[in-house]
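Features of the protein shown, as given by Swiss-Prot:
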BINDING   Cys12, Cys15, Cys34, Cys37  Zn(2+) binding site
BINDING   Pro114, Thr115, Gly116, Cys117, Gly118, Lys119, Thr120, Leu121  ATP binding site
DOMAIN    1-53  domain 'ClpX-type ZB'
Amino acid sequence: MAKKIDNKALSCSFCCKNQNEVKKLIAGFSGFICDECIELCIHLIEEERKSNLAISNYSKLPPKKIYEAINAHVVGQQQAAKILAVAVYIQCIRFEHRELADLVAKSNVLLIGPTGCGKTLIAQTLAKIINVPFAMADATSLTEAGYVGEDVENIILRLLQAADFNVERAQKGIIYIDEIDKIARKSENPSITRDVSGEGVQQALLKIMEGTIALVPPQGGRKHPQQEFIQIDTTNMLFICGGAFTGIEKIIEARTSQSTIGFEATVKSKHDQDYNQILNNLEADDLTKFGLIPEFLGRLPVIATLSDLNQQSLVDILTKPKNALVKQYQKLFELDGAELIFEEEALVAIAQKALAKKTGARGLRAILECVLLDTMFELSNLKNMQVIITADIVKNNLKPIIKPKLQKKSAKKKVTA
């Protein structure tokens, strides 16, 4: 510990606190450091070590492990999970072997599927699996620079914020752009008028998706024009774009039906092929006709189509994932000493309601909230009680059955979640 020199109180060379304000002051050859600054340095070094460890560890995950981890959270999208697992593995190889970065191009992904099928969840799950920063943006809010709306650089700012402004970590993050189909140009032919929220946004996204040194305003670009910009290399960022692309099945059907014209052509009813079968025939030209410019599609080499969820898939989503909705509510009831039981028929009824509303998996929570709202309001008074949800309760908006907990022998069958 440092001592007073010439009866003058010594101070830390870093925080300038004198020795009376700190517990210990350590002397060096030409200065002093206090115990608080030492603790701060240790914390910063540990955080940096964890960050570097996380970045290096994820590269060792093989595609099969990534695939299994996705399927633990996302139900009914095995093919899309396999495609994404390979794409992320290629990205990991590029991180581990930087000399291959110029030789092996990154695999930006385009996810196509109806609302509520799990596009956003897959992207979020991927970021958690490989432990990298994740940011999400809505394409409908983006405009070209200089117009009212959000600049594309703000997407990178969100990723930087998710990485706690650690530029090195942010440069290896994942950006998910939702509703990408909403920035399709209005017609297949180039327009002579300015399309600042459609084709203009696609043009603005080209550079950052391909890889460039982006100048990111840390406080947002338009309200603080005098601020200093942060330089971020987007070369190693993985971009995942998702959209429902409503109506693209008609474009695919029109193309495929033209190739089977003639006396020997098989006449098919519109009901012969479902949505999932039609999407399996998707080609890049179909997306161009929908309104995505060829240059933009060129930055999205990997295209994965997600299946429309059927009744059984929705029932599985309710019970099978690690964070399944039924498990979440059962845990909440358990914390208050109550037991929540869903009969099998009740789960089917919930899935049928979601299908009728065409909200996919996204609508399941809203239905459960509606069924359990009054019961949750009185949950603190339901200790040692059993709450049973039947199909009739779900279909007719009735109150759940509440009764004292029964012995295992006489208890109704509980859904294994």
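Every residue, even glycine, has its Cβ placed from backbone N, Cα and C.
Remember, it's a predicted structure, so these values are computed and weren't measured experimentally.
Comparing C-alpha positions, Cys12 (Zn(2+) binding site) sits nearest to Leu121 among the binding-site residues Pro114, Cys117, Lys119, Leu121.
Under DSSP, Cys37 (Zn(2+) binding site) is assigned to a helix (H, G or I) in the three-state scheme.
Cα separation, Gly118 (ATP binding site) to Cys37 (Zn(2+) binding site), rounded: 46 Å. The shortest Cα-Cα distance between Cys117 (ATP binding site) and any of the binding-site residues Cys15, Cys34, Cys37 is the one to Cys37. For Leu121 (ATP binding site), the Cβ neighbour count at a 10 Å cut-off comes to 19, with all displayed protein chains included. Same-chain residues that are not part of Cys12, Cys15, Cys34, Cys37 yet have a Cβ within 8 Å of the Cβ center of the Zn(2+) site turn out to be Ser11, Ser13, Phe14, Cys16, Lys17, Val22, Leu25, Phe32, Ile33, Asp35, Glu36, Ile38.
One way to see the shell of the ATP site is to take the Cβ centroid of Pro114, Thr115, Gly116, Cys117, Gly118, Lys119, Thr120, Leu121; the remaining same-chain residues with a Cβ within 8 Å of it are Gly113, Gly242, Leu306, Gly360, Ala361, Arg362. Considering other CB atoms within 10 Å as the measure, the emptiest surroundings among the binding-site residues Cys12, Cys15, Cys34, Cys37, Cys117 are those of Cys15. Comparing the Cα of Lys119 (ATP binding site) with the Cα of every entry in Cys15, Cys34, Cys37, these being the binding-site residues, the smallest distance points to Cys37.
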